[in-house]
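Taken from TrEMBL as is:
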type: REGION; residues: 1-108; note: region 'Disordered'
type: COMPBIAS; residues: 1-13; note: compositional bias 'Acidic residues'
type: COMPBIAS; residues: 56-69; note: compositional bias 'Polar residues'
type: COMPBIAS; residues: 92-108; note: compositional bias 'Basic and acidic residues'
type: REPEAT; residues: 198-231; note: repeat 'TPR'
type: REPEAT; residues: 237-270; note: repeat 'TPR'
type: REPEAT; residues: 497-530; note: repeat 'TPR'
type: REPEAT; residues: 599-632; note: repeat 'TPR'
type: REPEAT; residues: 633-666; note: repeat 'TPR'
type: REGION; residues: 694-775; note: region 'Disordered'
type: COMPBIAS; residues: 697-708; note: compositional bias 'Low complexity'
type: COMPBIAS; residues: 711-727; note: compositional bias 'Basic and acidic residues'
type: COMPBIAS; residues: 747-759; note: compositional bias 'Basic and acidic residues'
């Protein structure tokens, strides 16, 4: 133990002064020029006294210490890659306090506001886009002031200013603030720092076009043309088209033709070619229409053959769901995500629509090689389209068949449509649908049903084929099955007007008033101005006793057809049922003004004037009725009755005698003659004798009829009279044209205005009200 203490007695130093002690590294040379001792166990450490010390060998594993932090310069755990230290601390944020840094931050905010405004405008939020555009303008002005205040004028971004102003003007235009938009555009085009600002005059022209200031719009378009070089042909042709459209609005078709012909000579397109044909049509130039049509169909299509086949399938499918099913297995993902292909198909469809519409327009007007037939133009269009546009040509052939139908040449129409029986499925279905309709109009229900089945089998999504099938079933009385076909047609095409209307009529036949009303009200939303639909709704409410609601719908109806006498008569009858005689008289008089030969209206007005003791006017209406029905004696008796009520007995006697001369067997006339002769003190024995003989004869005839009818009365119990028994069924009342009714519902007694002598009682019993329908 002592030896050990002596061994370490000289090895005593301060650990704090370790840094200043001389190096004892055995690998360093002690004297310059001499090499260090070789590394190995032969090297020995010595004490200050020169004696050898104990070798310094480690008794633990390298890099391990049982006490954390005991090893100098080493971490607590074994981590040679320093993975346990975690991520490096974040760098100190640089302070953007300089003027340039603030300017850059402002510029980013302006860019963000402009982009937000454009995004809102794209989504249709015009007000939000305008607010963001205004905020961008304020920030941009603040940015310019900041740079001017800090001597950074040379860094002002004029492109950013241009973008902000242009976006603001566009936002004003989108918000329909035309004056503000024009003012902003004017500031841009007048600034010489923007060399491309002249194009903005096109936008200004568009605003003037919307304001219907077409002359100013044309001026702006031409100023824009002057500032666009000839290298920008595409833009120049678009401006020419705008100029042509403005001339069309002004009715200057010759000037519009010049603009459109310029485009067709340089960069033809289907839209411009169609507009050019419209101008030729307005000018009545058939030869130019023919040449323009040939130029239109010569424009090459952009879609390839595969796209054209897909388009034919899409056009042949009445339902989008069917087309999706057909194309599901070909090009599933590629076709769905290929935006270019979708755009090409869209343009192809538009091009075919332009060609077909143009052919329909000019075909009736063309005269080919001196042929004045209206079908020569159809033949020319069909032959011209066959070479490159066979599908459009086939549709034009169907259009020719429909033309035959319009001119009542059903034989040729049937022949033309039957030629499609060997064509493709789409055209065959179209032809069968039209054939079914033709046979239905001709009353050949069997053939109509046959072709309706054929059309339905070829295309079960053909709404019109389903309607034709339902019509055939409805005519045969199978209303339930017809109703199912109408509902299926509505399921295929929700806005199929024919199916919804026929569904309402079938519900009327089945006396399903609520469902019929629902169908017609739905159809009214689709076609709000259709008079037939409004009439059916009004008639349904009338049948259900809802007079006020029916009057409301009839009032709506007369705003669509103000001169329809039947509707006016219906309204007069409803007002009469509501005891509103003033309105009833007004509507009856209006009905008479538009249709002065309706006996229902004439008789009602005559009775109304008699009740009002305005006999002169009543005579006018009864004489009109006598002119319409010259063999009907009752109208002439009404005229004589009015003269009697006026006190003109002499004139009444003359008319009675004239009537008796023409109708000697009329008992009513004889009674009136006997009465008026007694009143005037003239002899009436011969009239009385004739009346007695006529009464006896009539009595004998009636007794004979009663004798013959006695066995029948014994077998059939008598039934009391009911006005409802004579009325038509409810559904027939709805489907029939408006007729006068209600005139025989009442028979008010005429008030007595003065006492009469006893010998006038027989005369007073003969009242005009007995011969007239009640009010």
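Note that Cβ sites are derived from N, Cα and C of the backbone, with glycine treated the same way.
A Cβ distance under 8 Å defines the sequence-distant neighbours of the repeat 'TPR' (237-270), meaning residues of its chain 6+ beyond its ends; these are 202, 205-206, 209, 212, 214-215, 217-218, 221-222, 224-225, 228, 276, 278-280, 282-283, 295-296, 299, 350-351, 354-355. Across the repeat 'TPR' (237-270), the DSSP tally of helix, strand and coil residues reads 29 helix, 0 strand, 5 coil. In the predicted model, residues of the repeat 'TPR' (497-530) average a pLDDT of 93.
Break the repeat 'TPR' (497-530) down by DSSP state and the numbers are 27 helix, 0 strand, 7 coil.
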